[in-house]
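See structure below.
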Amino acid sequence: MEKQTAIPLRERNIILIGFMGAGKTTIGQLVAKKLYRDFIDVDAEIERRQGMSIPEIFAQKGEAYFRKVERELIVDLCTNTRLKILSLGGGAYLQEEVRRACLAHGIVFFLDLSWDYWKEERLPLIVDSRPVLKNKTLEEVEQLFFQRQSAYALHHSRVVINELEAEQAADQIVESIKWMWDVYEPNR
């Protein structure tokens, strides 16, 4: 059996998870700039590779196909790349294989926000662009929000982003990462 070498903490991908519309892409881009790393939005990368938008993939090929492509891409990025900032789609982390790969090979940050804040501030901005929200009542979306919390609870660090500007959230993540590096891999 081949022994896998652990990825040094400073070289691990930094992975942002959280509910749709939490700001993973915006915050991820800022973190990438601050740490001089490449940024990969998993949904945008899927769209690029598939040659169609996420809503088109859902409509033409179905959610199961999308989740398979998403899972394969994330596992590949986690196991075969380093020094990246990855922004996962809101439902990606619900897949056990994705969670295992992210936790084993990356540093996972959960961008957390309250239901009330999300409903008032974020939902109006994204309601028409997310296939998962299509034809759902507010009660069904609330149920989805809370169902996903148990998967999101499996992370390395959490940033509560209610009322935070994207820049402030990015600064908190960078400070947390640098602290981890200093504590767990000093003098590198």
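Each residue's number is its place along the chain shown, starting with 1.
Cβ coordinates come from backbone N, Cα and C, glycine included.
Site annotation for ATP in Swiss-Prot covers GLY21, ALA22, GLY23, LYS24, THR25, THR26, and the matching candidate from ARG130, ARG148, ARG158 is ARG130. A separation of roughly 10 Å, to the nearest angstrom, links the Cα atoms of GLY90 (substrate binding site) and ARG130 (ATP binding site). Among ASP43, ARG67, GLY90, ARG148, the residues given in the record as binding substrate, the maximal Cα to Cα distance rounds to 18 Å. There are 21 other Cβ atoms within 10 Å of the Cβ belonging to ASP43 (substrate binding site). Residue annotation for ATP gives GLY21, ALA22, GLY23, LYS24, THR25, THR26, ARG130. The furthest Cα pair among them is separated by 17 Å.
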